[in-house]
């Protein structure tokens, strides 16, 4: 079938995070997924935590795309690293609510094992003063093995002999850290291999070459939404290295993580909180460390979906947001947690930095420089409770409360991109598309 690449701008889209992750991508993907036939996730693993609230029910996704409750087909791309036990549990839960959902898992995606989780903890100990704050889900070590060409893939789980051979290779590659662990015992590795083989038998009905499938569905005219994990500021190439994640998180990663060309993507939707939050160590120019931080954290429920750890919070950082929009080539912005800031009388936004007494128009990359930047702030009046203001799924901009509208106008002027979606509260229904 011949495809006209100039057709419908909503046919394919990518949802990405514009901050340090936890921006609310799950809720936005769920909101958008009703309009898409297929939702594809392309990076990360169980280190991601996407929460969707529907009525009285709360769903927490770590592997399955957040669109799993509303769409017809979900795909886990080859750029992901998959904990098979967690995946089986998630599929069981989501099938109870969307029994007709088709789940497809890339045969080429790499597998997280108990060995990788052990290594994650041990490697974090070695980092000492440069501790990252890993989720200890085994994500980093799994990607290490992937790029060392010694990793275990989903398709390998169908052959017991291959599993044993690869586990032995992984052990020898990391013997300096594993020699004092239970995994030094060959019988323990054999039992792990049996466990992984049993997972493979259970998951084989979901496995396929997803690059072929996604392109086939596209050529058949299906609408496809790509969902990223984490955020651009955690990207190993464009974030504050080494305080980053182990997979690429930018919009272009949808190409390398699925085999679907970026030339066919019609829209990039960047998700940002109305403030900033972060889990783990690393630079955070606008971070708050006083009672106000606790007030925002508690109001916004800023505790990690995967770890339960309290998140660091701070004011919205326009320089970082501009940078993220540029890297991701964002077309429009979804702004989340606007209700959380509404509780404050005065709200600040960082519009620029000073470094060593001079105003700068770039993002320093050296950690020592970032630690010295001084945020310059613009102040805004709070907009109060939004529960009686944002009542419809679509609203004209002039219908939005004036103080919130001024905040949005400032962001749009600074970033040069429209805010097309605003989200308040946890529930799916508390999401508004701004019509112009």
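Cβ atoms are placed via backbone N, Cα and C, with glycine included.
According to Swiss-Prot, the active site, proton acceptor annotation covers 22, on the basis of sequence analysis. Its own atom aside, the Cβ of residue 22 (active site, proton acceptor) has 29 Cβ atoms within 10 angstroms in the protein chains shown.
Annotated active site, proton donor per Swiss-Prot: 50, in sequence order, evidence recorded as sequence analysis. According to DSSP, residue 50 (active site, proton donor) sits within a strand segment. Cβ neighbour count for residue 50 (active site, proton donor): 27 (other Cβ atoms within 10 Å of its Cβ, all protein chains included).
What Swiss-Prot lists as GTP binding site is 21-27, 49-51, 311, 337-339, 423-425.
Following the DSSP three-state reduction, the secondary structure of residue 22 (active site, proton acceptor) is coil. Per Swiss-Prot, the feature Mg(2+) binding site maps to 22, 49.
Within the same chain, the residues at least 6 positions away from residue 230 (IMP binding site) whose Cβ sits under 8 Å from its Cβ are 17, 20, 21, 43, 44, 47, 48, 245, 247, 249, listed in sequence order. Annotation comment: Swiss-Prot describes 22, 23, 24, 25, 47, 48, 49, 50, 135, 149, 230, 245, 309 as IMP binding site, evidence class sequence analysis.
Applying an 8 A CB threshold to same-chain residues 6+ apart, the list for residue 310 (substrate binding site) reads 297, 302, 303, 304. Residues or ranges marked as substrate binding site in Swiss-Prot: 305, 306, 307, 308, 309, 310, 311.
Long-range Cβ contacts of residue 424 (GTP binding site) within its own chain (separation 6+, distance under 8 Å): 337, 338, 339, 342, 386, 390, 430, 432.
Rounded to a whole number, the distance between the Cα atoms of residue 135 (IMP binding site) and residue 308 (substrate binding site) is 10 Å. Closest in space to residue 135 (IMP binding site), of the recorded positions given as 22, 49, 50, is 49, taking the CA atom of each residue. Residue 51 (GTP binding site) and residue 22 (active site, proton acceptor) have their C-alpha atoms 9 Å apart, to the nearest angstrom. Local packing around the binding-site residues 21, 49 was summarised as the count of other Cβ atoms within 10 Å of each Cβ; on this measure the leading residue is 21.
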